[in-house]
Structures are given as structure tokens and as C-alpha cells.
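J.: Taken from TrEMBL, the feature [4Fe-4S] cluster binding site covers 74, 78, 81. Annotated domain 'Radical SAM core' per TrEMBL: 59-273, in sequence order.
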Ligand code: SF4
């Protein structure tokens, strides 16, 4: 109603209450009279063709390319952000944008022979109206859709987004102290969303960036136990490199290797090191047969109609 003291944005867990002309925490959503709108709708700050493994998704259409797109913005303030120039408010006005309609994005995916479109690089939650428009058209035209997110959904947003996304990669950044200290946010909404996505039809993989000395064995083990309880099948533990405001030294291969070794006994069936030269292959959790060879990208797969060709064990994923 006109003149309402405030309107609530329900795009993420923050539920910002906006007076007229106010901008939300993300700097992307703004109230104008009786509506909240998304700044620079359709203005892409990044567009690229990536191997789907780069999202990272290792169990979803492996060996294919995905058209990756991003609008500007994020609702967290991670000090180590790897893409800060297209996500953090201070760079908003300097970001170069090219405007694409949903139709143009879908046509481009076809032209580039990508069977999927990924919403990635920044935080798609804060530009979810555009994501939903593109994803809906993409699905109508037989393309798959991928969302790479920090997972801080509101209930309403998850309800809107889940039906139009085929595969998610969600970050679990650390324990609650880490979310408060390094990200300006909370892990609670992320765990809630993760559990709901895990129970839906969508494909789901999880990523945790490991910062040496900060992500301890105790923290990673505790996350592993919670992921296992939530039914998570695929977990990427990736090496941290210094970016943005965070200058501590990069995580060593040895540190990551120790973490991966520890959590491989957590019963999560598929655990992968990321940003690393460590073994990235997929093995059958039951008979240990080598199923997919990959380095940073896919090489070959022996998975036979979602099953291990040696022992017949069902392998989680969406396979060609
Ligand atoms: S997207 Fe999140 S941070 Fe941005 S205005 Fe909406 S509720 Fe606030």
C-alpha cells in the first residue's frame, strides 16, 4: 500500500525493512514508493563459458560446458571474497555491465553449445528475479540450470527458486563464529536451506574453503558430521588463496590433504580437494573402482547408467 512505513524484502534471510528510497544491506535491492526493485536488472558483470567442474560440480553432467553469468552484488561481506570486484558494494559504480534479456542469455547458451546455464560468481540471491526469469525460459527450452550460492535463503526465496534450479552448489563457510567473524553473516539459514534442498529433487554439492589455521580439524569434522546428517553426498574442500582484505598466507597442499584424509572417514561418500593438485578422481564408495578420471577438468567416466560397472553400486549424480 502507498505510504506503508516500510516494505520487507524477502530475497534473503536478512529480510531488510525498507523505507521509501532506502537500499537494502546488499546495495542491490531498493524501495521506490510501493515496490522494491533490483538495480541494473539484466546488467551482467560477468559472462563466460566454463567447464561445469569449475562451479564446482563433479557429479552433474561431467565433461560439459556451462554458460556462467552474474549480475552485481552480495548479501555477505566476506573478507576473503574471491570475486569482490563484482560483489562488494564499494565497486558497484565501477562495474562494467552489458545488458542481456533472458532470451538473449538462452540463445547464447545454445550458440555456445552449453547444455546448462549457471548463476554464479557473485550472489544470485540478491538478483533472483532475473535469475528466475532466465532459468524459467532455459528450462522451457530444455536447458539445465545451476545456482552457485552462499545459501543464505529466506524461506520464501527457497520456495521460489528451488523448482527452477536443477543443480546447486552451496557454500558452508565455517562454524557460526567464522560466519560472524569473517563473513558478516550467519550460518543458520544456510544449514536450514541445505537440509531442504537435500530433500528436494535438485542435485546438490557443497563447498567449504579451507583457511589454514582457521579451519581446524575440529571445525571441519564437526561440519562433516552435520553434512552427513543432512544427507550430503558430495563435498568440495578447496584451498584458500589471499584475496581482498584477507592477507594470511595461502593454504598449503599438506594442510588440505590432512583435512581431506580426515573427512574421508566421515562417511560422506565423495570428498574432493579443490584448487589443488591432489587426487580429484571419483571412486566407487563400495568397491573403490576408479569411475571418473579428472584433473581440474573431466577426462573420462566409466559410470554405466548411474551405476558402478564393477559392483553395480548406485552413484549419486546426473550423468550423460
Ligand atoms: S536481498 Fe537480502 S540483503 Fe538485499 S535487500 Fe533483500 S533482504 Fe536485504
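Backbone N, Cα and C define each Cβ position, glycine as well.
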J.: List the residues in the vicinity of the [4Fe-4S] cluster site, defined as same-chain residues other than 74, 78, 81 with C-beta within 8 angstroms of the site's C-beta centre.
T.: 76, 77, 80, 83, 84, 87, 88, 123, 150, 183, 244
J.: Could you check the binding-site residues 74, 78, 81 and say which one's CB has the fewest neighbouring CB atoms inside 10 Å?
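T.: With the binding-site residues 74, 78, 81, fewest surrounding Cβ atoms within 10 Å: 81.
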J.: Any idea what DSSP makes of residue 78 ([4Fe-4S] cluster binding site), helix, strand or coil?
T.: coil
J.: Calculate the per-residue pLDDT averaged over the domain 'Radical SAM core' (59-273) and state the result as an integer.
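T.: Reported value for the domain 'Radical SAM core' (59-273) is a mean pLDDT of 96.
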